[in-house]
Amino acid sequence: MKKIAVLTSGGDAPGMNAAIRAVVRKAHYHKIDVVGVYYGYEGLYNGKFEPLDLGSVGGIIQRGGTMLYSARFPEFKEEEIQNKAIENLRNQGIDGLVVIGGDGSYRGAMALTEKGFPCVGIPGTIDNDIPGTEYTIGFDTALNTAVEAIDKIRDTATSHENTFIVEVMGRNAGDIALWTGLAAGAETVLIPEEEFEIEDIVARLERSAARGKRHSIIIVAEGVMPGHKLGKILEERTGVQIRVSVLGHMQRGGAPSARDRVLAGRLGAKAVELLLEGKGGRAVGIHNHAVVDYDLKEAYENKHKADVSLYTLSKELSI
Ligand code: F6P
């Protein structure tokens, strides 16, 4: 292998830049050239390639977003588009590709691998929802961003004795909501993986009110229902005014945490090693603190499971 390419795809995540840097530096360490593909799979199809030398990834380890930009490109499912992408890669003398993204991005990487072009996937998404790895790049930063925001909301909720609903990201996965809830001491956490009853939330609010507690924070993952909708339901049911804050895309931005930078460095280097060993169709991840690799298909054919013990714990601690 003489030349590899790297792209970022899907929703961006803090730490993607640190992962790009790790891929470029590790490859150059082994005297392999690297090409950056801009705009994810769309750029792969349109031939948006630029060489990445050592200097091109200087000063990005601490930057949020992705210097390679990202795009959602559902058309990449089409075979003709995949063939064109491979043709573009081969024309540049590239013989391996690192894809940094979520499970949708992994499907594209597997399709190319099955067509004879080796790809390795690095988990980059704030949602922490890729089966086979305990952590994804960006999750820790997003979690800290959400916790910081909720700490601030709690200050004003306490001063004014308000009940707040805070909607966090996570269309299919409750990890951000769950971890944020535990870290910020939220009274209630709602995640897509666990059913809930409105009456339980009402009972909790009433129990706290009876104890003299006049403020409350309810965290809802966007995949459960929009925070404003939940707010309306609870207002109608309790007669209490509910404030709603939607944290939104702020959770995807900002400088990556130290943990995300280190994770990105470890996983980026491993991805290059796998390509050098001629191993395509692999995903890299973390299991029991160690870097692991596994079949890319495992990442998208299995369903991510939130840690139910954390859900139970959050209920116990916010009794
Ligand atoms: O996958 C990351 C994520 O931030 C999800 O949590 C969220 O549902 C989604 O992306 C939002 O994507 P978009 O910005 O494309 O609407």
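One is the number of the first residue shown, and numbering goes on along the chain from there.
Just so you know, glycine gets a Cβ as well, placed from its N, Cα and C.
Residues or ranges marked as active site, proton acceptor by TrEMBL: ASP127. Just so you know, the Cβ of ASP127 (active site, proton acceptor) picks up 27 other Cβ atoms within 10 Å once every protein chain is counted.
If you look up TrEMBL, you'll see GLY11, ARG72, PHE73, GLY102, ASP103, GLY104, SER105 marked as ATP binding site. Classification of ARG72 (ATP binding site) by DSSP places it in coil, neither helical nor stranded. Summarising the environment of ARG72 (ATP binding site), the number of other Cβ atoms within 10 Å of its Cβ, over all protein chains shown, is 15.
Feature annotation from TrEMBL assigns ADP binding site to ARG21, ALA22, VAL23, VAL24, ARG25, ARG154, GLY185, ALA186, GLU187, ARG211, LYS213, ARG214, HIS215. Cβ neighbours within 10 Å of VAL23 (ADP binding site), excluding its own Cβ and spanning all shown chains: 30.
What TrEMBL records for ASP103 is Mg(2+) binding site. Spatially close to ASP103 (ATP binding site) yet at least six residues away along the chain are ASP129, ILE130, PRO131, ALA299, TYR300, judged by Cβ distances under 8 angstroms.
If you draw a 10 Å sphere around the CB of GLU222 (substrate binding site), it holds 19 other CB atoms from the protein chains shown. GLU222 (substrate binding site) falls outside any helix or strand according to DSSP and counts as coil. As annotated by TrEMBL, substrate binding site applies to THR125, ILE126, ASP127, MET169, GLY170, ARG171, GLU222, ARG243, HIS249, MET250, GLN251, ARG252.
Sequence annotations record features per position, and here TrEMBL assigns domain 'Phosphofructokinase' to 3-275. Across the residues of the domain 'Phosphofructokinase' (3-275), the predicted structure has a mean pLDDT of 96.
Screening the recorded positions GLY11, VAL23, ASP103, THR125, ASP127, GLU187 for a C-beta under 6 A from any atom of ligand 1 leaves GLY11, THR125, ASP127.
Proximity of ARG25 (ADP binding site) to non-local residues of its own chain (separation of 6 or more, Cβ distance below 8 Å) is seen for LEU54, VAL57, given in sequence order. Checked against GLY11 (ATP binding site), the binding-site residues VAL23, GLY185, HIS215, GLU222, HIS249 differ in C-alpha distance, with HIS249 being the nearest.
SER105 (ATP binding site) is surrounded by 31 other CB atoms, counting those within 10 A of its CB over all protein chains shown. The CA atom of LYS213 (ADP binding site) is located 27 Å away from the CA atom of GLU222 (substrate binding site).
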